[in-house]
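Have a look at the structure below before the remarks.
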Amino acid sequence: MKELIVATKNEGKVREFRQLFSEYGIAVKSLLDFDEPIEDIEETGTTFAENATIKAEAISEAYNTPVIADDSGLVVDALGGEPGVYSARYAGEEKNDQKNLEKVMKKLEGVPVNERTARFVCAIAVARPGFETFVKEGCCEGSIAVEPQGQHGFGYDPIFIPESSERTMAEHTSEEKNSISHRHHAILQLEEWLKNQS
Ligand SMILES: O=P(O)(O)OP(=O)(O)OP(=O)(O)OC[C@H]1O[C@@H](n2cnc3c(O)ncnc32)[C@H](O)[C@@H]1O
Ligand SMILES: [Mg+2]
């Protein structure tokens, strides 16, 4: 089976990429699978696309091989687009999922249901030695719940209700999430390229 490197240290993302790429006969090697520890890559971009490019190119250049990276996050309209590209470190550099979602809930206290619209965004960059990097984006529209619910998924899933549903993303099975998620929609746009890889 063809293997692709996904330049992430996020176990939740790795699980989803494994499941989503298995449809294309592609195995996933993440930064957690390297023998040597990989230093954190500074995400200095101002957009998801820029940060995905930074991560993919850093690892592609270091190992002289094709690399995919995912930069993603939650965009809340009532918060002017926050946490956005700061989603991972919204409540501090320790990158704590629970604290991050509690910060969003606190900031949205008293905001009525119809003003709690939000979306998950995912940018996937493909970097290859000798080629121009390209980026595809996917998004999943929805709203922020009044209470966190559910145990599946990761990150902000317990507080995000996709617009096609009345349950939070964390109350969806991984199969259900992978059929509607921002990551799924970004990967759909990579389909042609992925089919040529396996
Ligand atoms: O940079 P890498 O190593 O890939 O891992 P990361 O966790 O730092 O990833 P990002 O920089 O892309 O930050 C993404 C943030 O958005 C959250 N997020 C991304 N996709 C999500 C999803 O499918 N469900 C819930 N939260 C998600 C995630 O928990 C992080 O807090
Ligand atoms: Mg990150």
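Cβ atoms here come from the backbone N, Cα and C positions, even for glycine.
Just so you know, TrEMBL annotations never went through curation; they're auto-generated.
For THR8, LYS9, ASN10, GLU11, GLY12, LYS13, SER72, PHE154, GLY155, TYR156, ASP157, LYS177, HIS182, ARG183, the entry in TrEMBL reads substrate binding site. Summarising the annotation, TrEMBL assigns Mg(2+) binding site to GLU42, ASP71. The active site, proton acceptor annotation in TrEMBL covers ASP71.
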Let me know the most crowded of the binding-site residues, choosing from THR8, ASN10, SER72 and counting other Cβ atoms within 10 Å. SER72
What three-state class does DSSP give SER72 (substrate binding site)? strand
Please report the DSSP secondary structure of GLY155 (substrate binding site), reduced to three states. coil
Least crowded of the binding-site residues GLY12, GLY155, counting other Cβ atoms within 10 Å of each Cβ, is GLY12
Across all chains shown, how many C-beta atoms besides its own are within 10 angstroms of the C-beta of ASP71 (Mg(2+) binding site)? 27
Whole-Å Cα distance, ASP157 (substrate binding site) to ASP71 (Mg(2+) binding site), is 16
List the Cα distance (Å, whole number) between THR8 (substrate binding site) and GLU42 (Mg(2+) binding site). 12
